[in-house]
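Down below is the structure, laid out as structure tokens.
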Amino acid sequence: MKIRLSITIILLSYTVATVAGQQCGRQGGGRTCPGNICCSQYGYCGTTADYCSPTNNCQSNCWGSGPSGPGESASNVRATYHFYNPAQNNWDLRAVSAYCSTWDADKPYAWRSKYGWTAFCGPAGPRGQASCGKCLRVKNTRTNAAVTVRIVDQCSNGGLDLDVAMFNQIDTDGFGYQQGHLIVDYQFVDCGNELIGQPDSRNMLVSAIDRV
């Protein structure tokens, strides 16, 4: 009985060590860890905070990153800008080294170009791989100008890092440019991906701006 128990413990230890040593995420070709185990920022599977915490840039199956449908939102969030220039880069996620390119670079052109791009690290909603491809409605709290964007990258400012064109669309009074950032509200919204592939989908607006 003791021998059998010892063998079982050894096998379990070997299994845990094997899982922890597996590569995942962008380092592992987009693979996720078995058994919903977390994938760390360095591409290894594990179950501690080093692997699972969003603040440690966990890539997938992270703590607090369950499914997030339309509706999750946050207010008074910092939004900076980044020069993705997707149109000039043929809407190629790999060309701009976007984090989400591991999973989304081969999506149809109509999917990649339907909305302007943003990096996301806001206080509400999924992080890492779980956020990739999701859409946000972003509103400038100062002017109420709003735009819909798609998450293609990570950031570290605690909010959003909008493509400069999207930033400028909602910076209607120029105050954001003057101070280097905007204060925005955001809400996860349905991307309407079921429309992709229909006739004229490539002619759809890249983004919509309005005043609420």
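Note: Cβ is positioned from N, Cα and C throughout, glycine not excepted.
Copied from Swiss-Prot, the annotated features are:
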type: SIGNAL; residues: 1-21; note: signal peptide
type: DOMAIN; residues: 22-64; note: domain 'Chitin-binding type-1'
type: DISULFID; residues: Cys24-Cys39; note: disulfide bond
type: DISULFID; residues: Cys33-Cys45; note: disulfide bond
type: DISULFID; residues: Cys38-Cys52; note: disulfide bond
type: DISULFID; residues: Cys58-Cys62; note: disulfide bond
type: DOMAIN; residues: 72-193; note: domain 'Barwin'
type: DISULFID; residues: Cys100-Cys132; note: disulfide bond
type: DISULFID; residues: Cys121-Cys155; note: disulfide bond
type: DISULFID; residues: Cys135-Cys191; note: disulfide bond
Surrounding CB atoms that lie within 10 Å of the CB of Cys132 (disulfide bond), all protein chains: 23
The one of Cys33, Cys45, Cys155 whose CB sees the fewest other CB atoms within 10 Å, among these disulfide-bonded residues: Cys155
Distance from Cys52 (disulfide bond) back to Cys58 (disulfide bond), taken between C-alpha atoms, in Å: 5
Pairwise Cα distance for Cys132 (disulfide bond)/Cys121 (disulfide bond) [Å, integer]: 11
Same chain, 6+ residues apart, C-beta under 8 Å of the C-beta of Cys191 (disulfide bond), given in sequence order: Lys114, Tyr115, Gly133, Lys134, Cys135, Arg150
Helix-strand-coil residue split for the domain 'Barwin' (72-193), DSSP-based: 26 helix, 43 strand, 53 coil
Disulfide-bonded residues clustered about Cys62 (disulfide bond) [Cα within 10 Å; pool: Cys24, Cys33, Cys38, Cys39, Cys52]: Cys38, Cys39, Cys52
Residue among disulfide-bonded residues Cys24, Cys39, Cys52, Cys58, Cys121 with least C-beta crowding, 10 angstrom cut-off: Cys52
Cα-to-Cα gap, Cys45 (disulfide bond) vs Cys39 (disulfide bond), nearest whole Å: 5
Candidate disulfide-bonded residues Cys24, Cys100, Cys121, Cys155, pick with smallest Cα gap to Cys38 (disulfide bond): Cys24
All-chain count of other Cβ atoms within 10 Å of Cys135 (disulfide bond): 20
Cys121 (disulfide bond) and Cys52 (disulfide bond), distance between Cα atoms, whole Å: 15
Nearest of the disulfide-bonded residues (Cys33, Cys100, Cys121, Cys155) to Cys24 (disulfide bond) - Cα to Cα: Cys33
Per DSSP, three-state class assigned to Cys38 (disulfide bond): strand
